[in-house]
Amino acid sequence: MQKLKFYLNHEASGGILIIIATILALICQNMILTDFYNHFLRIESGIIFGEYKIIKPIILWVNDGLMAVFFFFIGLEVKKEILIGELSSPKKVALPVIGGIGGVVIPALLFLAVNFGDEFARRGWAITTVSDTAFAVGILLLLGSKVPSSLKIFLLLLAIIDDICAVVIVAFFYTSELSNFAIFMAGIGILIFLVLNILKVNKISFFIAAGSFLWVSFLESGIHSTIAGIVASFFIPLKPIKGYCMLDDVKHKLEGFITYLIMPIFAFVNAGIALNSDAFSNLLHPVSIGIILGLLIGKPFGVFIFSYVAIKFKLCSLPTGSNFKQFLGLGFLTGIGASMSLFIDSIAFMDSDQFAYADKLAILIASFLAAFIGWRILKTSGNKNENFETIKEAETTNSTAEKIEDIDENKN
């Protein structure tokens with residue numbers, strides 16, 4: 001339980017930093033720092049190795065580079081959970097998987113229904129299928145004991161399923177024209193990882209070199225470079241070699257870096273939306289409507305309805321000490337797309353300003369409303385199970401007291 005509390009607090013702190021970074025980006029874009037902010041995002045830098053060079057603006061170094069590290073971290077979590085964690089038990093994973101599927105299918109269908117006639121707009125169908133776990137966890141912590149621990153654990157498991165879906169979506173649906181040579185080089189990179197595992201190498205530097213080579217190969221291949229992070233993570237050894245567990249060590253070292261640096265930086269460079277008349281007038285564009293409907297209705301009710309049906313058909317059970325009203329509130333928290341939706345938006349529309357930033361504005365509006373509604377439902381859920389753990393503890397104490405009284409009576 002202490003480990004869970006630490007993780008939740010860690011995630012919540014990251015959520016606060018993302019909020020601050022988002023507010024700073026909005027201030028920079030809409031006040032006297034507009035020119036500086038836009039110039040900063042487009043400053044080019046790169047890596048030159050002989051005749052080969054990679055030159056990119058800062059915003060793309062963040063979206064293609066730092067986010068690859070983020071997905072690498074996600075991959076480490078997924079690998080550990082699948083092999084020895086909560087996802088290794090079919091019984092425990094059933095409800096998050098079913099809820100996660102609903103949280104992807106329903107919002108995607110809603111978005112496509114609104115944007116069916118526009119081929120370019122349809123590229124954004126996945127924007128509403130992801131969640132920002134840091135924000136959601138932050139809301140849960142604000143509610144304290146009103147939300148049972150079992151529901152918090154469910155949210156974290158659902159977040160892992162959500163991340164897996166995001167990886168699959170990016171890998172299969174957001175690839176540009178493929179380069180056979182670069183894909184071949186990526187294959188060599190994977191082969192290097194295999195050799196490192198076969199030889200049981202436990203030096204991080206070798207894996208960093210192999211990962212960098214793999215990232216460059218993916219970058220040039222047409223497959224989004226963040227997938228290189230996921231692929232590399234699957235080759236980080238979980239089994240200790242000479243008493244050293246590389247996966248745990250790397251995951252521990254990256255945790256703070258991801259939470260306190262990468263995600264806030266990502267929010268800062270991507271959330272700078274021009275809050276002008278064009279952005280607000282374009283909120284009636286089908287893309288904006290699809291995003292709002294997907295995050296505010298599709299995501300929450302997708303998670304809730306799929307889970308509700310599974311529970312009613314006894315395929316799985318409701319998290320201990322919770323009820324369906326709380327579960328609906330949790331569903332709304334999954335509608336907080338925020339940074340993850342902004343990420344999918346950036347690769348779906350290739351940072352195009354065709355919608356005058358109304359797409360990004362819709363993400364922020366829908367995320368805020370989903371957070372408020374979810375918080376409100378959970379806050380007012382006042383149910384019999386609200387203090388489940390306290391009641392259970394009290395019952396145990398009373399039972400113990402009764403046993404002591406019985407012993408005393410027998411002595412007398």
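Every residue gets a Cβ built from N, Cα and C, even glycine.
Copied over from Swiss-Prot, here are the features:
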- 14-34: transmembrane segment (TRANSMEM)
- 58-78: transmembrane segment (TRANSMEM)
- 93-113: transmembrane segment (TRANSMEM)
- 124-144: transmembrane segment (TRANSMEM)
- 153-173: transmembrane segment (TRANSMEM)
- 181-201: transmembrane segment (TRANSMEM)
- 204-224: transmembrane segment (TRANSMEM)
- 254-274: transmembrane segment (TRANSMEM)
- 291-311: transmembrane segment (TRANSMEM)
- 327-347: transmembrane segment (TRANSMEM)
- 355-375: transmembrane segment (TRANSMEM)
May I ask whether the transmembrane segment (291-311) has at least three C-beta pairs under 8 Å with the transmembrane segment (355-375), counting pairs 6 or more apart in sequence? yes
Near the transmembrane segment (327-347), which same-chain residues lie under 8 Å Cβ to Cβ, leaving out any that are not at least 6 residues past its ends? 18, 22, 63, 67, 103, 124, 126-132, 134-136, 139-140, 147, 151, 154-155, 158, 162, 166, 169-170, 174, 224, 263, 266-267, 270-271, 291, 295-296, 299-304, 307-308, 318-319, 359-360, 363-364, 366-367, 370-371, 373-378, 381
When each of 58-78, 181-201, 254-274, 291-311 is checked against the transmembrane segment (14-34) for Cβ pairs under 8 Å, which one has the most? 254-274
Of the listed stretches (58-78, 181-201, 204-224, 254-274, 291-311), which one yields the highest count of Cβ-Cβ distances below 8 Å with the transmembrane segment (153-173)? 58-78
Cβ contacts the transmembrane segment (254-274)/the transmembrane segment (181-201), at least three under 8 Å, sequence gap 6 or more: no
Can the transmembrane segment (204-224) be said to touch the transmembrane segment (58-78) if we require at least 3 CB pairs below 8 Å and skip pairs under 6 apart in sequence? yes
Of 58-78, 93-113, 181-201, 291-311, whichever stretch has the most CB pairs under 8 A to the transmembrane segment (124-144): 93-113
Using a Cβ-Cβ cut-off of under 8 Å, list the residues of the same chain that are 6+ residues beyond the ends of the transmembrane segment (93-113) and lie near it. 86-87, 122, 124-129, 131, 154, 157-158, 160-162, 164-165, 290-291, 293-295, 297-299, 301-307, 310-311, 315-317, 319, 331, 334
Against which stretches of its own chain does the transmembrane segment (291-311) lie, if we need a Cβ under 8 Å and a gap of at least six residues from its ends? 94-95, 98-111, 114, 124, 127-129, 131, 158, 317-318, 324, 327-328, 330-332, 334-337, 341, 359, 362-363, 365-367, 369-370, 373-374
Spatial neighbours of the transmembrane segment (181-201) not adjacent in sequence (6+ beyond its ends, CB under 8 Å) are 207, 210, 213-214, 217-223, 228, 231-232, 235, 237, 241
Contact set of the transmembrane segment (58-78) with the rest of its chain, CB cutoff 8 A exclusive, min separation 6+ beyond the ends, reads 40-45, 87, 160, 163-164, 167, 211, 215, 219, 224-234, 236, 247, 250-251, 254-255, 257-258, 262-263, 265-266, 269-270, 343, 346-347, 351
